[in-house]
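In what follows, a structure is listed as C-alpha cells, so that the remarks can point back to it.
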Amino acid sequence: MQLIVRSLDRTVALTASPADSLTSIRQRLLAVYSGHVVDSQRFVFAGRTLDEAKTLGDYSIGESSVLDLVPRLFGGVMEPTLINLAREYNQNMMICRHCYARNPLRATNCRRCRGTNLRKKKLSKYA
C-alpha cells in the first residue's frame, strides 16, 4: 500500500504493508531524509501521536493515508539557578499592610503609600 509521510519541509511517498511497524518506517525515512534529524520527531495520524512499537494495522492506517512527522517538543524543566532566581524575585518581598504593594526585602517604607507597616510575603505551601 502507498503511505504518504508529510514533514515540515517535504512530502515523501513510501510503500508499506499493514504489518510494518513505525520503527521500520522511521528507518526508511532516515535513508530518504539525509541530514534531517528524524529521531527527534514523532508520527501523528488523525490528530493522535502514534506509538513506535505498534504496527500500521494496529492504527488501521490504510491505502494513501497521510502520516505527519512533527517535531517532538521537549521542555518543562528549569535549571535550579533560574528557579532560585525566580523565587528570590517573586517570593522574597515585603508587603504593605495598608495598600498591599510589593516592596523589596530591604524596604522600610512602602513605595506606593509611604507607610511603614510592612510584613514579609507569605510563602506558598506548594513552592
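Glycine is no exception: its Cβ is also placed from the backbone N, Cα and C atoms.
Curation plays no part in TrEMBL annotations; they are all automatic predictions.
What TrEMBL says about this one:
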- Cys96, Cys99, Cys110, Cys113: Zn(2+) binding site (BINDING)
- Cys96-Cys113: disulfide bond (DISULFID)
- Cys96-Cys99: disulfide bond (DISULFID)
- Cys99-Cys113: disulfide bond (DISULFID)
- Cys99-Cys110: disulfide bond (DISULFID)
- Cys110-Cys113: disulfide bond (DISULFID)
Assigned conformation of Cys110 (Zn(2+) binding site) - DSSP reduced to three states: coil
Largest tally of Cβ atoms lying within 10 Å of a Cβ, found at which of the binding-site residues Cys96, Cys113: Cys96
Other CB atoms, at most 10 A from the CB of Cys110 (Zn(2+) binding site): 21
In three-state DSSP terms, the structure that Cys96 (Zn(2+) binding site) belongs to: strand
Any further residue of that chain within 8 Å (Cβ to the Cβ centroid of Cys96, Cys99, Cys110, Cys113) of the recorded Zn(2+) site: Arg97, His98, Tyr100, Ala101, Asn103, Arg111, Arg112, Arg114, Gly115
Spatial neighbours of Cys99 (Zn(2+) binding site) that are distant in sequence (at least 6 apart) but have CB under 8 A: Cys110, Arg112, Cys113, Gly115
